[in-house]
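As recorded in Swiss-Prot, the features of this protein are as follows:
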type	residues	note
ACT_SITE	137	active site, proton donor/acceptor
BINDING	111, 112, 113, 114, 115, 116, 135, 136, 137, 156, 170, 180	dCTP binding site
């Protein structure tokens, strides 16, 4: 497997719709204000967080069960910022919609700006031929409330191309998160 460059990312986004909307360069300012950067980097793509958040609360549940997850465990927030309670987490989604090629596996890593503040971003790999908005999980590992900014960079996608096309893609096996839009809760 080889990691793909900015040239490849740009070509795949512009000619094949791999990332929509797509930013061909790095954006570091909104007007006069400095922001957490997003867009194409040397060997990756920095994604933005949309303004839709689901903030975890334990008001309605006594246990978290991925097989029987209670949607009431979240409070929905639509805002330019999300305040995550201490030692809690929130879900969000990318602004960008992805269409992953059949020969590519995409890995998501959190941006150091957030990691250095104790805010961890977790996303599972984007498998070959998966498409949709990426659901992002932000963990606040600190004893203080933590802030996430919508429409700014939150994580970096790395694209790895295999030497051989997979026999069965995510689309082929009818993956449960195929085509997801918005923030998507756990499914079994």
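Quick reminder: no glycine exception, Cβ is built from N, Cα and C everywhere.
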Exercise for the section: Measure the Cβ-based neighbour count of residue 111 (dCTP binding site), defined as the other Cβ atoms within 10 Å of its Cβ. Expected result: 19
Handout entry: residue 170 (dCTP binding site) to residue 137 (active site, proton donor/acceptor) - Cα separation in whole Å
Key = 21
Practice task
Would you give the longest CA-CA distance, in whole angstrom, between residues of 111, 112, 113, 114, 115, 116, 135, 136, 137, 156, 170, 180, the set recorded as binding dCTP?
Solution key: 33
Fill in the blank from the handout: DSSP, reduced to three states, assigns residue 170 (dCTP binding site) to coil
Fill in the blank from the handout: Quick note, residue 113 (dCTP binding site): same-chain residues at least 6 apart with CB under 8 Å of its CB -> 36, 153
Exercise for the section: Return one of helix, strand or coil for residue 111 (dCTP binding site), based on DSSP. Expected result: coil
Fill in the blank from the handout: Taking only the CA atoms, the spacing between the residue listed as 'active site, proton donor/acceptor' and residue 111 (dCTP binding site), expressed in whole angstrom, is 13
Problem - Neighbour tally for residue 137 (active site, proton donor/acceptor), based on other Cβ positions within 10 Å of its Cβ - result: 16
Completion exercise
Cβ neighbour count (10 Å, all chains) around residue 135 (dCTP binding site) is 19
Practice task
Specify the count of other C-beta atoms within 10 Å of the C-beta of residue 170 (dCTP binding site).
Solution key: 20
